[in-house]
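A.B. asks: For reference, the structure I am asking about is given below.
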Amino acid sequence: MKQIINPLKGNNNKVPIWFMRQAGRYLPEYKKVRETTKNFLDFCYDVSKATEVTLQPIKRYGFDAAIIFSDILVLPHALGWEVDFKENIGPILKQFKSQEDFKYLQINPNYKLEKVYEIIKKVKKELPSPISLIGFAGSPWTVMSYMLEGKGKQDFKTSKKFIYENRILAEELLNFITEKTADHLINQAKSGADILKLFDSWSGVLAEEEFTEFVIEPTKKIILKVKEVFPKTPIIAFPKGAGLLYEKFIKEVPIDVLAVDQMVPLKKMKEWSDKVIVQGNLDPVVLLTNKEIIKEKTYKILQVMKGKNFIFNLGHGILPETPTENVEFLIEYVRLYEEKNSNSTF
């Protein structure tokens, strides 16, 4: 049985481990391949190169899962929306402002998404059988907020003002993205993804009413639509920064796995693991420190989550400046803990 699936099947003696952004800029072998293609989106659609970098962290570290190398913005890009990535700036998008802007969105995605599915098929063929393959998409609110802001990592005043003042239009855009996201995930599962993940990076900026309408409801719709076709495919949801609303999310969304950020108390993770598989939540900055600190912080998580339904991961993506030897040490430490499975320190 695939290692990462074990907790989902009631076998929680193992501690599956993988990292968000495990294929990325902290790896020298990734940088070498990335330098061969100037445009980031072209790199995401390059079947050979995206396959290679997806497999790099598996070959180097032996993670229990590979996550396909792609980006949450390939979906709007494939639907005809203007998306570009500027070096040292990040994503720049055409800004969605009015009903007129729907004319720039296509009903059916173009050939670009087929490249993503080809990458999944190719990785699947090359991936060792015990390793799970994770496909993913951005959750509708996060993708929508990029389109409304025209860029990422803002204070989201533009997005929130838009949904307050243009509720009907905002719901129309949300529903469109929700439908296309579900289709994208279904196609990834058809192509060979064992597990699917929804990244809602900006869910934490919303108040409860908007969180319910723009995070909980579309996530439910997506999961129910995917499960109609692939009822046994586990789905991970990551409503990052949800805070107290994580509990509402767990109660109302039929997820298999809840990914949590580093701000969530371990006591809450343990409590929630009786209801759902919990994934997380080491602070990525810990991996910038030293082995003693890494061991201390990791041990605390492992001890609290011992015997629970748990997948070890970070609270967010691995940072580009992370030393590769620290990643190796952390993985070895988790494996050693798993072997000993005792309360002793080591």
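Backbone N, Cα and C atoms are what each Cβ position is placed from, and that goes for glycine too.
As annotated in Swiss-Prot:
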BINDING   Arg21, Gln22, Ala23, Gly24, Arg25, Asp71, Tyr146, Ser201, His316  substrate binding site
SITE      Asp71  site 'Transition state stabilizer'
A.B. asks: Reduce the DSSP letter at Tyr146 (substrate binding site) to three states and note it down.
C.D. replies: helix
A.B. asks: May I ask for the distance between Asp71 (site 'Transition state stabilizer') and Arg21 (substrate binding site), taken between their Cα atoms and rounded to an integer number of Å?
C.D. replies: 10
A.B. asks: Counting other Cβ atoms within 10 Å of each residue's Cβ, which of the binding-site residues Ala23, Arg25, His316 comes out lowest?
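C.D. replies: Checked Ala23, Arg25, His316; of these binding-site residues, fewest Cβ neighbours within 10 Å: Arg25.
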A.B. asks: Taking Arg21, Gln22, Ala23, Gly24, Arg25, Asp71, Tyr146, Ser201, His316 as the record's substrate-binding set, what's the max Cα pairwise distance in Å, rounded to a whole number?
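C.D. replies: So the binding residues stretch over 23 Å, Cα to Cα.
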